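Student: Sharing a structure with you now.
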Amino acid sequence: MQVLLPYRQDAGASSAPSALATSSATSELNGSKPADAALKGQLVANNGEKLKDNNGDVNISDSSSDSDDEEHGPSKEDCIRQFKVMLKERGVAPFSKWEKELPKIVFDPRFKAIPSHSTRRAIFDHYVRTRAEEERKEKRAALKAAVEAYKELLEEASEDINQKTDYQEFKRKWGADTRFEALDRKEREILFSEKVKAVQEKVQSMRKAVIANFKSMLRESKDITSTSRWAKVKENFRSDPRYKAMKHEERETIFNEYIVELKSAEQEAEQAAKAKVDEQAKLKERERETRKRKEREEQEMERVKMKIRRKEAVSSYQALLVEMIKDPKASWTESKPKLEKDPQGRARNPDLGQGDAEKLFRDHVKDLYERCVRDFRALLSEVITPEVAARTTAEGKTAINSWSEAKGHLRSDLRYNKLPSKDKESIWRRYADDLTRKLRQSDTKEKDKSDTDGKQPRSSDPPRRR
């Protein structure tokens with residue numbers, strides 16, 4: 001950033017004697033330190049400053065016009081620019097002190113061209129603050145220019161640089177060039193290595209292109225297979241430019257690489273075909289397993305449905321048997337036609353087989369019979385009690401030794417008529433035998449108890465004499 005100072009060249013300044021400038025410079029060297037006011041404020045103060053001539057009786061005002069200044073001397077911008085150039089030429093370092101650098105610049109005419117001390121100091125302070133960044137920019141620009149010049153040198157030396165050229169060989173031939181010495185050794189070697197690498201990449205790219213064209217020529221031939229030999233096929237390509245572009249010693253090597261690629265491609269094709277066949281076989285196997293599983297699931301579902309239908313059919317048929325078959329003496333032959341006349345068709349259900357219907361009928365009749373037997377046994381235990389069994393007729397008959405006597409006690413109950421006579425008598429006989437045995441056991445226990453009680457001496461009897 002350049003500071004533009006509103007500087008006015010006074011008309012009497014050019015005629016001032018050199019003794020005045022020398023006196024001012026001497027006061028600067030003696031350590032005079034005026035206040036460091038802001039540059040802009042100082043310039044405003046300068047507008048009201050009045051200078052005297054050598055006799056001290058004439059005041060020259062700053063009111064002279066700018067047009068007169070431009071006619072009699074350099075402009076303020078030129079003075080400031082020249083002041084900064086002076087600082088640079090005198091080697092003023094960044095962030096340096098005014099007192100340290102003053103001896104280098106105080107006697108320079110460009111120093112004196114700025115009449116105000118505070119203005120000089122302001123320009124100086126601004127310069128040392130910004131000089132570091134300017135130097136960095138200058139160094140970067142100089143380095144960039146040196147790099148570009150060195151790259152131009154490398155381009156000019158391209159004919160002497162190949163993929164095997166080393167740095168020392170390049171240096172021996174081109175080291176005297178000013179563009180070579182403009183960079184330090186490290187930068188030169190890095191850029192040289194990049195150049196050699198670029199050459200190598202270019203050579204490799206060209207070689208790859210030649211090899212690709214050579215293999216393309218081989219692919220176009222229909223006579224070459226994975227079993228072909230170079231000695232037998234090379235005569236077919238001698239007139240092809242792609243054959244000539246390939247080095248003699250590399251042709252057979254590249255041909256053999258191509259044959260390896262053919263074999264590899266054939267193997268991959270075989271493996272792909274085999275994999276496809278295997279995949280198809282696996283797919284068919286999965287489809288077969290899926291179909292079997294689906295069939296099993298359908299069969300299982302059908303079995304479950306049949307089981308449910310059969311269960312419902314059995315329940316319905318059993319309900320029909322309960323409704324129509326109440327006699328435990330009923331026969332299947334006589335009952336079947338009656339059951340088949342059921343308006344709901346429960347006896348003709350297709351989910352109920354012929355054997356199932358007959359079996360369920362016989363199970364039902366058996367349940368009826370067993371229920372009647374249980375009822376008859378309950379009747380015997382209720383009617384023929386031990387008291388009734390102890391009653392004896394004039395003929396010596398009792399309810400447990402005479403069936404005719406027992407019938408007289410039982411026939412009035414409905415449970416008596418539900419069983420056949422032979423079944424009634426056999427059940428009665430087993431019951432009578434059990435009751436007789438129980439009565440005998442009871443009599444024996446009572447007799448034994450009475451005998452035991454008769455043998456025990458009474459407490460009032462006197463003891464026997466011995």
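Every residue, even glycine, has its Cβ placed from backbone N, Cα and C.
Automatic prediction, not curation, is the source of TrEMBL annotations.
Just lifted these from TrEMBL, have a look:
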COILED    129-167  coiled coil
COMPBIAS  11-27  compositional bias 'Low complexity'
COMPBIAS  331-349  compositional bias 'Basic and acidic residues'
DOMAIN    76-130  domain 'FF'
DOMAIN    140-198  domain 'FF'
DOMAIN    207-261  domain 'FF'
DOMAIN    310-367  domain 'FF'
REGION    1-77  region 'Disordered'
REGION    271-298  region 'Disordered'
REGION    331-355  region 'Disordered'
REGION    438-466  region 'Disordered'
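Looking at the shown structure, what environment does each listed feature sit in?
Tutor: Within the model, the coiled coil (129-167) carries an average pLDDT of 81.
Using DSSP to sort the residues of the domain 'FF' (140-198) gives these counts of helix, strand and coil: 46 helix, 0 strand, 13 coil.
Taken residue by residue, the domain 'FF' (207-261) breaks down under DSSP into 41 helix, 0 strand, 14 coil.
With DSSP states grouped into helix (H, G, I), strand (E, B) and coil, the region 'Disordered' (271-298) comes out at 28 helix, 0 strand, 0 coil.
According to DSSP, the secondary structure content of the region 'Disordered' (331-355) in residues is 14 helix, 0 strand, 11 coil.
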Student: Could you put numbers on the helix, strand and coil content of the domain 'FF' (76-130), residue by residue per DSSP?
Tutor: 40 helix, 0 strand, 15 coil
